[in-house]
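Chemist: Once you've had a glance at the structure underneath, I'll fire off some questions.
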Amino acid sequence: MRILTAVLRTIRNSRRLAAGLIILGVMVLLALFSPVIVNAIGGGKDPIEVAAYEKWLVPGPGHLLGTDQFGRDVFAMVMKALSVSLQIGAIAGIISTVAGVIVAFVAGYKGGWIDGILSTFTGILLVIPTFPLLIALSAYAKNVSLFQVGVMISIFSWPFAAKTIRSQVLSLRTRPYVDLARVSKARDLEIIVTELLPNLLPFIGVGFASSALGAIFGLVGLEVIGLGPGGVVDLGQIIYNAITTGALTLGAWPMFVVPIVLLTLLFAALNMVNIGLEEVYNPRLRGVAGE
Amino acid sequence: MKSELELRGVQQRFHARGVADGYITAVDDVSFSLAASPPQIVSLVGQSGSGKSTIARNVLGLQKPTAGSVLYGGKDIFKLSRAEYDEYRRDVQPVFQDPYAIFNPFYRVDRVLWKALKKFKLADTRAKGLELIEESLRAVRLEPENVLGRYPHQLSGGQRQRIMLARVHMLRPSFIIADEPVSMLDAQVRKHFLDILLDFQTKHGMTTLFITHDLSTVYYLGGEVMVITKGQIVERGPVSTVMHEPSHPYTKLLLDSIPQPDPDQRWTSRIAVDELERVDDANPAADTKPEAPIL
Ligand SMILES: Nc1ncnc2c1ncn2[C@@H]1O[C@H](COP(=O)(O)OP(=O)(O)OP(=O)(O)O)[C@@H](O)[C@H]1O
Ligand SMILES: [Mg+2]
């Protein structure tokens, strides 16, 4: 309850954060209702079945965004792919954030040799070039599920979350209010949850948003160069199809443009959330108008 | 409640880069004891970096000394049984320097009081708890309705520091460890605060270890004074004796370096900064990290 009011207070203080969250909210809603939308488009049959309609129909009243090389409705495909992209972002974001937070707290709060080992490990993962490794991994991952893709990508993104949060834990754990909690007989876990965690919410938010962003775009990157794991159709996959089939020359421009517009919006929204949160916890970045 | 708090040969070292042997000794073989009865005020004076706060953290069990021991009722505070630990925690309580940083900005100020009530089982019903809180707030001359339900940034430094005193009032420890509690308060609020401490001594029999670098507050509080320099306690005695017949050269220098309250005497003898430095060359401001994890 208290956390909820704090979150609301934070949002009210930053217009950027609010704007980012609204865009994100609309996209999430679209994704949530994508099965319904897809159904409505199909009107009884599956609009993204191969040969559901004629190939390469241009955008028009029947098919708002036309059809692709297999005669699938592009609008329906985009809706479904948006939902897939967002799910991958959410899965990778949650895994990275949880792993990052746990490692950061253990390392930062316990200090000493535990911190040494964990920080070295995190450091190693941070300097490994991620993209080539992802390429290698996805070469093996032929028919993988959406969840597996999310896990695969989050292996490489949690260290970023861990690094930011750890440095915050290090600075917060020496605060006098932590000492006061200790002389009030609070246990370590209690201190972490009740004293440190609430003050770290913005950082955790940033960690989540950046990991989600990294995961979505990491996957798009893989797919655009044709190395995406098979079996998962996200926005990147549609762009790849548009490129390889020369859709633009056939007048099927929405197949290329719409996913890119959606990805751009997503990128902007997640970054606005990031910057907004940063503004809130780092008042030096705030405009002169203050709170 | 146990009657004595004792430091025996306490040494605290910290790893430090850029120092000859790789560590600095913040507290160097310090031994002293504080008795709960008769209740007394013992001031610990020394300049910045002399190790005062580190001693406070050792005594409060927030930092385990690298050598020596802190004894509560004759037992090492880091080796207490569950029940003994509970008693020690309740009986030795702090007031810290910074009235701003002591509150978690996320919560209302009442929380520190409720937490103390709950953790030390001072009241079994909420109504009774509120009664205790209000009583303690009044004891430190705060109006409950002016502070309860507020966030820390809505209160003045003096109000916040008095909430810490109210917390102490509720817990009734035998020992208060006050680390420069008035250094961030203005003169009037400062006197107010010191009067409450003196009040606690006489009314509730609390013994205070009062850490400060300001000799005028030491004068005001009276009682005993210990002088610390470079992590070592060089002198201890009644305030009047130490102030008038200092036996250690550092104490003399410390006394010379403050302006006298008598306007005619103010700044008559000047002391050069390097003179102070020679006697007490400050610890190197090095990039340091604790030898043992703070826990
Ligand atoms: N956690 C720590 N890690 C490393 N060095 C420390 C730590 N705590 C204190 N020190 C060092 O120990 C020395 C004594 O510090 P301490 O805070 O006890 O001094 P102080 O007498 O309280 O000074 P002040 O009057 O400025 O508060 C200083 O040189 C300080 O740099
Ligand atoms: Mg200090």
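Count begins at 1; order follows the chain as displayed.
In case you wondered, yes, glycine gets a Cβ from its N, Cα and C as well.
Just so you know, TrEMBL annotations never went through curation; they're auto-generated.
So TrEMBL lists these for the protein:
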type	residues	note
DOMAIN	A:82-274	domain 'ABC transmembrane type-1'
TRANSMEM	A:21-41	transmembrane segment
TRANSMEM	A:86-109	transmembrane segment
TRANSMEM	A:116-140	transmembrane segment
TRANSMEM	A:146-165	transmembrane segment
TRANSMEM	A:200-222	transmembrane segment
TRANSMEM	A:256-277	transmembrane segment
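Can you tell me where each of these features sits in the structure?
Modeler: Sequence-distant contacts of the transmembrane segment (A:21-41) (same chain, six or more residues past either end, CB-CB distance under 8 Å): 11, 47-48, 73, 75-76, 79-80, 82-83, 86-87, 262, 265-266, 268-270, 272-273.
Sequence-distant contacts of the transmembrane segment (A:146-165) (same chain, six or more residues past either end, CB-CB distance under 8 Å): 84, 87-88, 90-93, 95-97, 99-101, 103-105, 107-108, 122-123, 125-126, 128, 130, 133-134, 137-138, 200, 203-204, 206-208, 210-211, 214-215, 218-219, 229, 232.
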Chemist: Who are the long-range neighbours of the transmembrane segment (A:200-222) in its own chain, taking Cβ under 8 Å and residues 6 or more past its ends?
Modeler: 3, 6-7, 10, 85-86, 88-94, 96-97, 100-101, 130-131, 134-135, 138, 149-150, 153-154, 156-158, 160-161, 164-165, 168-169, 172, 228-229, 232, 234-236, 239, 263, 266-267, 270-271, 273-274, 277-278, 280-281
